[in-house]
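Engineer: So that we are looking at the same thing, I have put the structure below in structure tokens.
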Amino acid sequence: FGLLLGICLIVQIVTGLLLAAHYTADTSLAFASVAHMCRNVQFGWLIRNLHANGASFFFICIYLHIGRGLYYGSYLNKETWNIGVILLLTLMATAFVGYVXPWGQMSYWGATVITNLFSAIPYIGQTLVEWDWGGFSVDNPTLTRFFALHFLLPFVFAGLTLVHLTFLHETGSNKPLGIPSDCDKIPFHPYYSTKDVLGFVLMLIPLITLALFSPNLLGDPENFTPANPLATPPHIKPEWYFLFAYAILRSIPNKLGGVLALAASVLVLFLIPFLHTSKLRSMTFRPLSQILFWTLVANLLMLTWVSN
């Protein structure tokens, strides 16, 4: 999945650059510029659909990558793991600020609700929110800075990816048995390159199918309506890949408690290398750990479903 994530990153940067060439980061023009792209720009509809659905595949790959790392004990490469968690946080931030850019109803209200969570921080909360917004509500300055961040963060992500790979190169990658694989090493090409092409094709086919046949399947219909600060949508919710965290946030009545639980649901990954007590690295021969692992997976799927 690491290779697939790299491919996702390249696809997102290339399609994103092409979209940025036609996009206008202004509240009065943003929605119209996206509509113009889909109607008048050569293959603009396809580029936009690939970019929007590419984000979903990016998250599918990163969640599978993290799940596999948990299952096979890859978190014992502490530096690689911690940079991986920082990469996840960067990806989440990038996806969030990018969701605001088309300036539809859910873009606007999603930005308002999520940035407003900073106000739960004692003493500095309200100041922080107003500083983030560039005013007293989500408006033109917010859109401008969010687009700037959305343009910048993928390159930060690419830099962190190189650091991630550098630390991985120190130890070598892990495998299902969780034992050193020095004696089993084989040439990268043609063995791994062939294996990777299979994964690439298996990801590309569903992505292209989704982008061509049902590009709006995972999007929110509210985003076909231009942002209107005077009309609140009946259900404010983020994209599907944030729903598990959003369910945790919404399930706690206290605002600060919800924000802390939301943050903890992702930041708990930093603790995992310190919680490993088994003499075996991988879960291959640990049935009780396997039960806990699959319970976690079921939990995340149920949270996503409930939140939807």
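Keep in mind that glycine also has a Cβ here, set from the backbone N, Cα and C atoms.
Below are the features I grabbed from Swiss-Prot:
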TRANSMEM  1-21  transmembrane segment
TRANSMEM  45-66  transmembrane segment
BINDING   H51, H150  heme b b562 binding site
BINDING   H65, H164  heme b b566 binding site
TRANSMEM  81-101  transmembrane segment
TRANSMEM  146-166  transmembrane segment
BINDING   H169  ubiquinone binding site
TRANSMEM  194-214  transmembrane segment
TRANSMEM  256-276  transmembrane segment
TRANSMEM  288-308  transmembrane segment
Engineer: When the Cα-Cα distance from the residue listed as 'ubiquinone binding site' is computed for each of the binding-site residues H51, H65, H150, which gives the smallest value?
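Structural biologist: Among H51, H65, H150, H65.
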Engineer: Distance check, please: Cα of H164 (heme b b566 binding site) against Cα of H150 (heme b b562 binding site), rounded to an integer number of angstrom.
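Structural biologist: A Cα-Cα distance of 21 Å.
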Engineer: Hey, which bits of the same chain come close to the transmembrane segment (256-276), Cβ under 8 Å, at least six residues off its ends?
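Structural biologist: Residues packing against the transmembrane segment (256-276) from afar: 66, 70, 73, 75-76, 78, 81-82, 85, 88-89, 92, 117, 120-122, 244-246, 248-250.
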Engineer: Could you tell me whether the transmembrane segment (288-308) and the transmembrane segment (45-66) are in contact, taking contact to mean 3+ Cβ pairs under 8 Å with a sequence separation of 6 or more?
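Structural biologist: They do not touch: fewer than three Cβ pairs between the two stretches lie under 8 Å.
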Engineer: Across all the protein chains here, work out how many other Cβ atoms are within 10 Å of the Cβ of H65 (heme b b566 binding site).
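Structural biologist: So the number of other Cβ atoms within 10 Å of H65 (heme b b566 binding site) is 18.
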Engineer: Is the transmembrane segment (194-214) packed against any residues at least 6 beyond its ends, judged by a Cβ distance under 8 Å, and which are they?
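Structural biologist: 1, 3-4, 7-8, 46, 49-50, 53-54, 56-57, 61.
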Engineer: Do any residues, 6 or more residues outside the transmembrane segment (288-308), come within under 8 Å Cβ-to-Cβ of it, and if so which ones?
Structural biologist: 67, 70-71, 237, 240, 243-244, 246-248, 250, 278
Engineer: Any idea what the Cα distance is from H65 (heme b b566 binding site) over to H51 (heme b b562 binding site), rounded to a whole Å?
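Structural biologist: It is 21 Å, counting Cα to Cα.
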Engineer: Please work out the number of neighbouring Cβ atoms within 10 Å of the Cβ of H51 (heme b b562 binding site), leaving out its own Cβ.
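Structural biologist: Result for H51 (heme b b562 binding site): 19 other Cβ atoms within 10 Å.
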